[in-house]
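Engineer: I have a structure I would like to understand better, so I am pasting it below and will then ask my questions one at a time.
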Amino acid sequence: MKLKQRVVLLAILLVIFIFTKVFLIDNLDTSAANREDQRTFQRMLSGLRVALDPRLEHTLQSPWEIAAQWVVPREVYPEDTPELGAVMHAMTTKKIIKADVGYKGTQLKALLILEGGQKVVFKPKRYARDYIVEGEPYAGYDRHNAEVAAFHLDRILGFRRAPLVVGRFVNLRTEIKPVATEQLLGTFMTVGNNTCFYGKCYYCRETEPACADGDIMEGSVTLWLPDVWPLQKHRHPWGRTYREGKLARWEYDESYCDAVKKTSPYDSGPRLLDIIDTAIFDYLIGNADRHHYESFQDDEGASMLILLDNAKSFGNPALDERSILAPLYQCCIIRVSTWNRLNYLKNGVLKSALKTAMSHDPISPVLSDPHLDALDQRLLSILATVKQCTDQFGPDVVLVEDRMTLSHL
C-alpha cells in the first residue's frame with residue numbers, strides 16, 4: 001500500500017475513533033442521567049402512600065418546625081420526607097385556635113391558626129365530586145379537592161413546588177365559631193339545617209355561601225409557607241386577558257416566545273423552564289387560571305415558580321384546554337428530567353400513582369374516575385406535543401439538561 005493511501009486510511013480510522021468515542025461518552029452520560037431519573041422515579045413510587053401518622057420518629061421538633069426547615073429556594077419539601085405523614089396528620093387534626101377571613105383574592109377561603117401557631121388556608125367544599133363545571137375552563141368556584149389532588153400530582157411529577165395540602169373535616173359550630181374573628185363571624189348564617197358562611201373576597205356574596213352538612217364542613221387545608229420566605233408576585237407571561245373579544249399577545253403572535261426569551265427573568269436561569277413545567281402541570285389538572293404566579297422575593301430569577309392556588313382545576317374531565325400548553329408548544333423546550341418523568345407515567349401509571357397517593361387522605365376519594373382517566377389522556381397529548389417539537393427542531397434543541405447554565409438569547 002502506498003504511503004499516501006496509508007495516510008488517508010489512518011485519517012479515516014482516526015475520525016471514526018473520535019466520533020465513536022464521543023458517541024459512547026455522550027450515551028454513557030445520558031444513560032447515567034436516565035438511570036438516576038429512573039431510580040428517583042422508583043423511590044417516588046415506593047413512598048407515594050402517605051399514612052397520616054402522628055409519630056415523629058426522626059426528630060424531637062414539632063411538625064411545623066420540620067416543614068419550615070424543608071423549604072429551600074428550589075423546593076418546598078425534599079424528595080425524602082419520612083415525616084410527611086406526621087406533618088399532614090397535624091394539619092388535619094391539630095386544634096384550631098383562631099379563624100379569620102382569608103387573605104386577598106377572588107375566592108372564598110378562611111385563614112386558620114392551628115395549635116402551635118401554624119397558619120393554614122381552609123377552602124370549603126362547594127361541589128360534589130361528579131359535578132361538571134360548564135363554561136370557560138376557569139369558570140366556577142374553587143374546588144377544595146383540586147388542591148389536594150394537585151399537591152399529590154406535584155409529588156408524582158417530582159417538582160416539589162406546591163405547599164402541602166390535606167383534606168379536613170371541621171365542625172363550624174364547635175371548632176370555628178368560638179375562635180372566629182368578628183369579621184368572619186359576621187358572615188355566618190343558617191340555611192335550612194346547615195351552618196354556612198360566605199367570608200370576605202372579591203366574589204364573596206351573602207347569596208352564595210358555602211354550607212356544611214349540618215355543622216360538619218369538608219374542605220382542604222394548605223400549609224402556609226414560612227414567613228422567612230416572603231413571596232413576590234409576577235404576572236404570568238402567558239396570562240389571559242379575561243375580556244371577551246380581547247386576546248393576549250401569545251394568543252395570536254406565533255413568535256411570542258422569542259420575545260419572552262429576551263425579557264428578564266426568562267432570558268437566563270431556570271424560570272422559563274419552570275413556566276413550561278407549570279404549563280404541563282396545569283394542563284394535566286385543567287387549570288387555565290394561572291394569570292399570576294409567585295416566587296420567593298429578591299431571587300433574581302433563581303428560585304422556583306411556586307405552585308400556589310390550584311383550586312380552579314378538575315372542573316370538567318371532558319374539556320382539554322390545549323391553550324394551557326402554549327408555553328410548551330411555542331417555546332419547544334422541556335427539561336430532560338420532566339420529559340423522562342412524563343414517559344415513566346404513561347400507560348396508566350399516572351392514574352394509578354395519583355389514586356394511590358390520595359388514598360389515605362381524610363376526604364378520599366378525592367377525584368372521580370373520569371378525572372383520573374382524563375389525566376392519562378392529557379398526558380398522551382403532552383407527549384405528542386413534545387414529539388412534534390423534536391421532529392421539527394431535533395431533541396438536542398428541545399430537551400434541555402436541568403443543571404446547565406441556561407441562556408435563551
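Cβ from N, Cα, C; glycine included.
Pulled the feature table from TrEMBL, pasting it below:
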type	residues	note
ACT_SITE	ASP289	active site
BINDING	GLN107, LYS123, THR222, LEU223, TRP224, LEU225, GLU294, ASP309	ATP binding site
BINDING	ASP142, ASP309	Mn(2+) binding site
DOMAIN	188-397	domain 'FAM20 C-terminal'
Engineer: What mean pLDDT does the predicted model reach across the domain 'FAM20 C-terminal' (188-397)?
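Structural biologist: Taking every residue in the domain 'FAM20 C-terminal' (188-397) and averaging pLDDT yields 96.
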Engineer: Are any of LEU223, TRP224, ASP309 (the binding-site residues) within 10 Å of ASP142 (Mn(2+) binding site) when you go C-alpha to C-alpha, and if so which?
Structural biologist: ASP309
Engineer: Of all the binding-site residues given, ASP142, GLU294, ASP309, which has the fewest Cβ neighbours within 10 Å once its own Cβ is left out?
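Structural biologist: Relative to the other binding-site residues in ASP142, GLU294, ASP309, GLU294 has the fewest Cβ atoms within 10 Å.
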Engineer: In angstrom units, rounded to an integer, how far apart are the Cα atoms of LEU225 (ATP binding site) and ASP289 (active site)?
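Structural biologist: So the alpha carbons of LEU225 (ATP binding site) and ASP289 (active site) sit roughly 21 Å from each other.
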Engineer: In whole Å, how far is the residue listed as 'active site' from THR222 (ATP binding site) when you measure between their Cα atoms?
Structural biologist: 18
Engineer: If I take the alpha carbons of LYS123 (ATP binding site) and the residue listed as 'active site', what is the distance between them in whole Å?
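Structural biologist: Counting only the Cα atoms, the answer is 17 Å.
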